[in-house]
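**Q** Before we start, here is the structure in question, set down as structure tokens.
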């Protein structure tokens, strides 16, 4: 995809483990948010409504995947759908009109589909604010110390990441999602789209649909689709389902309650992503003190001392041979 781009490190975009994500420094709200997003803009869901910046909204399209067609989670955070081809119409695939659209909450307070044509006009121009005042359907503030990276089971997951559309505390764009969904499932796709738009200035059709079973308040997963318009999918093309699970934790999707369970072995997703990180040279940020490998967008980079920071062009395999290990937050 976009291998050599070194994204601005000081800007809080699609990054994991960011302390300010959920305003977790306050006593009232503890949990983190990692997928980034919304502003409290009053976004009417009517097709002809406009966002605060005057950009038109798109009409909801596509047929959401059926859970009956989704295999049970087997240790892989996401699976490809329809040969990884998104379900946009031919007309949609040619659109260079900037838009973002968020479905109204349903009678149970659940989010619906979020759809946008990601481009520089939609990307944020300021750092993301707090989102702790939003309580998505099925939300619980619950910790499993030492079982989950960051301890908190649930994050306020943005359907369309803050770094892509600049949405901060939009309740129509926030679902109750596990940290695993946020970091291992959604984040890699958000980062790729963000990097692509930053480098090319092109448009990316981007659609995320939360999939609920029956009247459950917590989504079973999310369907994600992306398509780069100007180069006809050469830069960005994916259609995946990300599981809203947390290894080692059982979840009652009806109400969001949870418990400890057996940890299922997790399967790496590098083949699904087509990343070939051990074969393709990319740009990484090294911490020469901790011997960790980071993506340029990793939140840990901004916390790194300059004397310990090193930019490296190469492969993860080369770095591992040199004694470095991948960061668990950004999973380079």
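Including glycine, each Cβ sits where the backbone N, Cα and C put it.
Pulled from TrEMBL, these are the listed features:
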- 101-226: domain 'Type VII secretion system protein EssD-like' (DOMAIN)
- 22-61: region 'Disordered' (REGION)
- 1-20: signal peptide (SIGNAL)
**Q** If I take every residue in the domain 'Type VII secretion system protein EssD-like' (101-226) and average their pLDDT values, what number comes out?
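**A** PLDDT averaged over the stretch: 96.
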**Q** Where DSSP helix means H, G or I and strand means E or B, what are the helix, strand and coil counts for the domain 'Type VII secretion system protein EssD-like' (101-226)?
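**A** Helix, strand, coil within the domain 'Type VII secretion system protein EssD-like' (101-226): 29 helix, 33 strand, 64 coil.
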